[in-house]
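The following features are taken from Swiss-Prot:
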{"type": "TOPO_DOM", "residues": "1-83", "note": "topological domain 'Cytoplasmic'"}
{"type": "MOD_RES", "residues": "Ser17", "note": "phosphoserine"}
{"type": "MOD_RES", "residues": "Ser18", "note": "phosphoserine"}
{"type": "TRANSMEM", "residues": "84-118", "note": "transmembrane segment"}
{"type": "TRANSMEM", "residues": "131-156", "note": "transmembrane segment"}
{"type": "TOPO_DOM", "residues": "157-161", "note": "topological domain 'Cytoplasmic'"}
{"type": "TRANSMEM", "residues": "162-184", "note": "transmembrane segment"}
{"type": "TRANSMEM", "residues": "192-223", "note": "transmembrane segment"}
{"type": "TOPO_DOM", "residues": "224-273", "note": "topological domain 'Cytoplasmic'"}
{"type": "REGION", "residues": "224-276", "note": "region 'Intracellular loop 1 (IL1)'"}
{"type": "TRANSMEM", "residues": "274-308", "note": "transmembrane segment"}
{"type": "TRANSMEM", "residues": "316-353", "note": "transmembrane segment"}
{"type": "REGION", "residues": "354-399", "note": "region 'Intracellular loop 2 (IL2)'"}
{"type": "TOPO_DOM", "residues": "354-399", "note": "topological domain 'Cytoplasmic'"}
{"type": "MOTIF", "residues": "360-366", "note": "motif 'FYXDWWN motif'"}
{"type": "TRANSMEM", "residues": "400-420", "note": "transmembrane segment"}
{"type": "TRANSMEM", "residues": "429-447", "note": "transmembrane segment"}
{"type": "TRANSMEM", "residues": "450-481", "note": "transmembrane segment"}
Amino acid sequence: MGDRGSSRRRRTGSRPSSHGGGGPAAAEEEVRDAAAGPDVGAAGDAPAPAPNKDGDAGVGSGHWELRCHRLQDSLFSSDSGFSNYRGILNWCVVMLILSNARLFLENLIKYGILVDPIQVVSLFLKDPYSWPAPCLVIAANVFAVAAFQVEKRLAVGALTEQAGLLLHVANLATILCFPAAVVLLVESITPVGSLLALMAHTILFLKLFSYRDVNSWCRRARAKAASAGKKASSAAAPHTVSYPDNLTYRDLYYFLFAPTLCYELNFPRSPRIRKRFLLRRILEMLFFTQLQVGLIQQWMVPTIQNSMKPFKDMDYSRIIERLLKLAVPNHLIWLIFFYWLFHSCLNAVAELMQFGDREFYRDWWNSESVTYFWQNWNIPVHKWCIRHFYKPMLRRGSSKWMARTGVFLASAFFHEYLVSVPLRMFRLWAFTGMMAQIPLAWFVGRFFQGNYGNAAVWLSLIIGQPIAVLMYVHDYYVLNYEAPAAEA
């Protein structure tokens, strides 16, 4: 606050009358004085005493505080310009911790300790002498070698572009069909093991698709340069690789293990491996893996089991209650999974391989539209879709709406592929959920903006996923437990 008497030039004598020659300047001076605080006396009295170190004027020091009000808005009013709500945010965090602590204690009292790390092994192996899922992952190398051999022959002209395209299409189709057939036919493979094997083959499919596209672009550029009578610049930069020198097993397998789906001849590389950074990421991976397993066994499984009877009885009020009860642990586990995969795991792999591009996610939590969320929460997949699906469709004359719909259609197919095949049942809930993102994106973009749009995105994430989980669990329970019991 300070001493107002020393900060303003002291006025002596009386003020000019409003009927005198003061005019607008005098009026402006009165407004400034009123906003500044207490006024001096009409006859040039001394200003009010300076406040003490606590910001209050001395008690009993006089009666100079003739005015204590000024024109101002309440802090919660939008016109106040106040934006520091850190204390309220801390209060929300405290309330969230307390409410979830109560739920955790209630769960322990009701069910006891259900966490069993040994039980997790049975999710991956049904028969200790039969390991079909790891064998499927190892067999994926055959498809990688096949794609490499096709590219080697295309580079030297031993195959025509049409023959190479046909071989690549057959190889890519087999990558998706072969593991699905094994999962559906081999009884000893578990749903979790099937999911991991199919995810490995799906990632390989996307990587080899990109590998084929980029090498094809390089051949076109080389042919175009040759037809124009130009020589390819091989000395553009030191330590860079040009086509076809990139066609080596070392280059291929670096790409297959790198945390990206888009192939390049020269990836950005970090100068060294940071051991402390790598150790932190590995510890995070171990900790969050155990945390996710514990939350699923202790919190989600009992909730899902208790949701079967309301579904069977079609008790809609109880179904909604179970859905909301499942939404909290499901969303918490999904957030932990996001951090575990996109920050801990991918950064650990990138650090080991000195892979320089670490943009695996953007600020999707600030999404004010559904479209922004899908563009920023999974950057490796988003880059692949834009580079190898969206832009090629635009170049072939498709509209932006058609290209965007095509991207969601492909995403819906892979979501259904990764859920229905391991569960050995086809209900299209995942496919429908992904395709529903198109009208949802339009609805949120049309009727919600700013914070309301962000709240709508969060609501769709919190409620949408548990609906799909309950649908699949209910159908799986009916198919594998109720139907055999009824037949018996």
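Cβ coordinates come from backbone N, Cα and C, glycine included.
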Ranking 162-184, 192-223, 316-353, 400-420, 450-481 by Cβ pairs under 8 Å to the transmembrane segment (274-308) puts first 316-353
The answer for the transmembrane segment (162-184), taking Cβ pairs under 8 Å and residues 6+ beyond its ends, is 132, 136, 139-140, 143, 146-147, 150-151, 153-154, 194, 197-198, 201-202, 204-205, 208-209, 212, 417, 421-422, 424
Same-chain residues at least 6 beyond the ends of the transmembrane segment (316-353) with CB under 8 Å of its CB atoms are 100, 103, 254, 257-259, 270, 273-274, 277-278, 281-282, 284-285, 288-289, 291-292, 295-296, 299-300, 303-304, 306-307, 309-310, 360-361, 377-378, 380, 461-463, 465-467, 469-470
Per the Cβ under 8 Å criterion, with at least 6 residues separating them from its ends, the topological domain 'Cytoplasmic' (157-161) contacts 150, 167, 216, 219
